[in-house]
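Some notes on the structure that comes next.
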């Protein structure tokens, strides 16, 4: 007999050879019907696969979060079968589940077309209707290689050859079609449903290496039901409307070009927005006791070797060699080692701690050209970076103060309370396990003492220390990781940072790496998309456009502009010989929050007809120039200045 322990701690006895499906049926008929896979001792498991012995078992139904990943993985298999049914000779490679969907990479000489998508989706539906069982088979390694080579599936044969010699080779079959796969899968293709859609095709190098063959990657999305699918497609439609790259053109904020891939050309409007955000952050940091510094862009290779970046981060760094001096320099990918150098200048006492150093530091990291995406993923960026040098006893208070500052900043930008993730040691790291134990325990204790509700994200810490990441949700429900605080006992040791304690002995400081906005470029992209370009008045790069109805009001428009600029507003005039409705429409597309319409009457009366973005330009408010300036000046104040 097999003894099975359920998630609630209760136990059941099953006969030898029983499967999770037998367990589900033993519990209830409804559970057996709803079950799709199981977890056995924490490992995902096919419902019909026999249990090896006593185990802890959880039955997973379609309502569980884990279900979507399996549904998407199964849909990728169905996509691959459909493609090979319709386009004989196409080779299959890999096809995993990803966030919100799945993809499969194909080797085919002819490109896929939108018309092909219709045929593929139809065939996928037929495979679902056929309700083919997913069957797990264990093959001999050499037999598997020979079979795939015989079929002309060179990529699958290569994958098997690269597996460890003792790896179990598992094949999943659906009808006559089969694929190399670890599993698990649903009981049959009919269990998947038809809440899927193919989205796009893109190029992808085999195994992500540009030296390998270019494949065709078909992306799709799959959900538990049609309602979820429709909601996802609506979110995509909304996201396309809010795309910061499109809005960046409409609002004349920035552009990119091939000669500087992944680096931003900021236009006057965009740079004004950028400076508004950095000015706000400088005020908040100064009020919180930070000092601002500036550090070099290029540092000698020896420096990065000492910090550990050369070994752990080399592939992401831009390198420059100077033949005349036989030196190898690297553009900094991070600011932290440079901040230690500032700390190391002059002897520090425990009375100097905590020392909070901030820098709007320019960093450069190599990203493959195919992964670049507007402001969201760039090669050159600025971080609102800061490092807190403190004692172990000060960690809790510093983490708590930082979290309060971060939440206040996010609220000022219109974001609700962030979701928090705790990430511990990654596989690639520096420092001993003892040091990591201390860092993880310190950060956890600080988070718990601060009353933070966090979720565990194993193995995703920085290479030098554990971290808390902060995730904000935008107006259409998408999540963005922005802020972070990381606890580092390693870098002060590697770069010989020290202070004199109250015992007159040398001690190592703890280094807290922290950012609130993260990459400013990315944060601005998130802001633009969350507000769909309709930024709060204090952030708007073009706050007021004074648009004339006739040339008779040109002089008055210039007077209005001068008065507004003097009051600290950003105001422009539009004196073109165009109809007023045309002007209003054009500036509305450019997301100008206030359009002040002036004609002969307004000039005579000393008034303005104000039209506000978002009200369709259908209503307007008549105010005197003085009242308009008073009202708009108050609206233009940043949230922190309103609290003064």
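Placed from the backbone N, Cα and C atoms, the Cβ positions cover glycine too.
Secondary structure from DSSP puts residue 336 (Zn(2+) binding site) in a helix. Taken from Swiss-Prot, the feature Zn(2+) binding site covers 336, 387, 513, and the record attributes it to sequence analysis.
Taking the domain 'TGS' (1-61) as a whole, pLDDT averages 91 in the prediction. Among the features that Swiss-Prot reports, domain 'TGS' is placed at 1-61, with the record citing sequence analysis.
The region 'Catalytic' feature in Swiss-Prot is assigned to 243-536.
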TODO: Specify the secondary structure state of residue 387 (Zn(2+) binding site) as given by DSSP, simplified to three classes.
DONE: strand
- [ ] May I ask which residues of the same chain, at least 6 positions away in sequence, place their Cβ under 8 angstroms from the Cβ of residue 387 (Zn(2+) binding site)?
- [x] 335, 336, 339, 340, 356, 357, 511, 512, 513, 514
TODO: Quick one: among the binding-site residues 336, 513, which has the most Cβ atoms sitting within 10 Å of its own Cβ?
DONE: 336
TODO: With DSSP as the reference, give the number of residues of the domain 'TGS' (1-61) in helix, strand and coil.
DONE: 14 helix, 25 strand, 22 coil
- [ ] For residue 513 (Zn(2+) binding site), name the DSSP secondary structure in the helix/strand/coil scheme.
- [x] strand
Open item on the list: Around the Zn(2+) site formed by 336, 387, 513, which additional residues qualify by having Cβ within 8 Å of the site's Cβ center?
Closed with: 334, 335, 339, 385, 386, 486, 488, 491, 511, 512, 514
